Amino acid sequence: VLVESLLVFVVVLAVHGVVWDRFSWCALALALQAFYVQFKWDRLLQLGGAVFQFRGAANSGLLPSSMVIPLLGIMMKERCRAAGIVYFERFGIVVASTGMLLALFLSVLAVGITKPVPTNTCILTGIAGSIIIYTMKHSLAVSEVIEVLEVLLIFVYLSMILLYLLPRCFTPGEALLVLGGVSFVLNQLIKRSLNVIEGRGDPVDFFLLVAVVGVVLLGLFFTVLFTFMDSGTWISSMFFHMMTAVLGLGVIMPWLYRLIQRNPLFWLLQFLFQTQTRLYLLLYWSFLAASACGVVFYQNAKRSSGSKKHQASTITRKYFHFIVVATYVPGLIYDRQLLYVAAVLCLAVFIFLEYIRYFRIKPFGQTLRHLLSLFLDERDSGPLILTHIYLLLGMSLPVWLFPRPCAPKGTLSGAGALVPYSGVLAVGVGDTIASVFGSTMGEIKWPGTKKTFEGTMTAIFAQIIAVALILIFDSSVNLNSSYAWILASVSLVSLLEAYTTQIDNLLLPLYLQIMLMA
């Protein structure tokens, strides 16, 4: 935990060494109090005194998770200020302020339920909160303050509902990232729906907002519904499919139509088949999807013919990382907008299939349970299987969060040009190579972890080779001699992978994106 915290502090100081303003004091104060409060959370988790059941075999992860959203907002603000885009500069300030307030709320919650009350930590949290609120008072307009408070309110209610319904699925830090992100997306969708201006806004962005909110609301609806009826019967399954169609065609489609001012299905078909390159990419991705399904069926066939206790090895699970890299790299090089939309569709499909598995919806629910149980690891300790969804999110978030309006000609200069590749580098290459080489050839373990020195070093080396290949094949990337910063960024994130107990598929790409944007 101490080494993980040290690495996070190094990232925070490195970012604010490049960008120093009034929010830097807030970020440092937030990091310092989160460092102390996470030990309170860890103690609560060990003693079973936390309000909800969190994921075991991991620390709270409060410090690394608390800094992600604020640092992303600060870097977005700086990039858009440099580009002269005032609207998105203000948006970055709202993102940073929201992230700080959500993290502060989680800290206050931990301090409040700790007995006896930790006086020193309370004082530190109070000082950090005062600095953050004072800065927000002098930085945000009244409407922006209201927006931040709206996200906080959504986050509180969403946390109470989902953490109760989904025990052992998240650590406190993961809950902050996932539920904070969903809360922000929901608030943005409501805000934009109430202020629709024809012709303003990219339909691609609206598609992401509606898809994320739609699948979350769908899950909440069926969770409430199936508390009153058995979800495993044919009648319940027929009702599930019927209500999905009703909610999709009767709520989500009209909502999207209001935002983009055209038929969503026609727009999507026109978008997907607009050019010949897109058609080739879709065929190629379909082949890779079939290959991934083939791996699942083959591994399950081996289990059927072998031992009952057969579980997929680490190397077998990393096959999917290689497939995902092969999926994302051509999309990033040839058509990033298509990759953006395809990733949204894939996320919606993954979550929908998880609903079918979780609720045992006929005819595929039980089959999915059997097929996916082979690939479970210690992080899937709750009722949901989330690792494959986290892998997709880790690869997609750098593409979705890339500040396109603030990037001249669709790309940032220097190391920022690699921002969309953050998921590919951190998860697809670094995490995969570290796991494969560490588990097969690693002998020297990092103190206090199961990760090896050899795995981390080969991960750094592999990511440097990947950057060189990106320079060769993607003509839009121009690093402008920022090689030392890239090496430092990759090394820090690789060390973080060795020491963090959080979901690395989700955390590592975001930290690499922050470093590259700086």
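Cβ atoms are placed via backbone N, Cα and C, with glycine included.
Because TrEMBL annotations are produced automatically, they should be read as predictions rather than curated entries.
Listed features, source TrEMBL:
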type     : residues : note
TRANSMEM : 7-36     : transmembrane segment
TRANSMEM : 56-75    : transmembrane segment
TRANSMEM : 87-111   : transmembrane segment
TRANSMEM : 148-166  : transmembrane segment
TRANSMEM : 206-226  : transmembrane segment
TRANSMEM : 238-257  : transmembrane segment
TRANSMEM : 277-298  : transmembrane segment
TRANSMEM : 319-334  : transmembrane segment
TRANSMEM : 340-360  : transmembrane segment
TRANSMEM : 381-401  : transmembrane segment
TRANSMEM : 421-441  : transmembrane segment
TRANSMEM : 485-512  : transmembrane segment
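Non-local neighbours of the transmembrane segment (56-75) in the same chain are 1, 4-5, 8, 11-12, 15, 19, 23-24, 26-27, 30-31, 34-35, 37-38, 41-42, 45, 92-100, 102-103, 106-107, 110, 168, 171-174, 176-177, 180-181, 184, 378-379, 381, 401, 496, 500-502, 507, 510-511, 513-514, 517-518; each lies 6+ residues outside the stretch with a CB under 8 Å from one of its CB atoms. Within the chain, the transmembrane segment (340-360) has long-range Cβ neighbours (under 8 A, six or more residues past its boundaries) at 204, 207-208, 211-212, 214-215, 218-219, 222, 226, 231-232, 236, 240, 244, 268, 271-272, 282, 285, 331, 366, 368-369, 372, 383-386, 388-389, 392-393, 395-396, 399-400. Residues 314-315, 318, 321-322, 324-325, 328-329, 332, 391, 394-399, 451-452, 454-456, 458-460, 462-463, 466-467, 470, 490, 493-494, 497-498, 504-505, 508-513, 516 of the same chain lie 6+ residues outside the transmembrane segment (421-441) yet bring a C-beta within less than 8 angstroms of a C-beta in it.
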